[in-house]
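According to Swiss-Prot, the features are:
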| type | residues | note |
| --- | --- | --- |
| DOMAIN | 1-49 | domain 'Kazal-like' |
| DISULFID | Cys3-Cys33 | disulfide bond |
| DISULFID | Cys11-Cys30 | disulfide bond |
| DISULFID | Cys19-Cys51 | disulfide bond |
| CARBOHYD | Asn40 | N-linked glycosylation site |
Amino acid sequence: VDCSEYPQPACTTERRPVCGSNNKTYSNKCNFCNAVVKSNGTLTVSHFGKC
């Protein structure tokens, strides 16, 4: 997932789940990428879809 355009102050409510390496489901790429930034890049995609 390319997170180069993040973090963003607000994400849409689009539902395209991403499962992170922390076993948490993020509602979409924007929310996932904002979490990646907060984790200093340690968070990765486990798979697309719910965890």
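Residue 1 is the first one shown; counting continues down the chain.
Just so you know, glycine gets a Cβ as well, placed from its N, Cα and C.
Note on Cys19 (disulfide bond): other Cβ atoms within 10 Å of its Cβ, all shown chains, come to 17. The Cβ of Cys3 (disulfide bond) has 16 neighbouring Cβ atoms from other residues within 10 Å, across all protein chains displayed.
You'll find the Cα of Cys19 (disulfide bond) roughly 13 Å from the Cα of Cys30 (disulfide bond). Counting in whole angstrom, Cys51 (disulfide bond) lies 20 from Cys3 (disulfide bond) by their C-alpha atoms. Calculated from their C-alpha atoms, the gap between Cys3 (disulfide bond) and Cys11 (disulfide bond) amounts to 13 Å. In this structure, Cys51 is the one among the disulfide-bonded residues Cys30, Cys33, Cys51 with the smallest number of other Cβ atoms inside 10 Å of its Cβ. Taking the domain 'Kazal-like' (1-49) as a whole, pLDDT averages 96 in the prediction. DSSP assigns Cys30 (disulfide bond) to a helix in the three-state reduction. Taking every protein chain shown into account, Cys11, Asn40 are the recorded positions, and of these the Cβ with the most other Cβ atoms within 10 Å belongs to Cys11. Among the disulfide-bonded residues Cys11, Cys30, Cys33, the residue whose Cα lies closest in space to that of Asn40 (N-linked glycosylation site) is Cys33. Here the domain 'Kazal-like' (1-49) is broken down by DSSP into helix, strand and coil counts: 10 helix, 9 strand, 30 coil.
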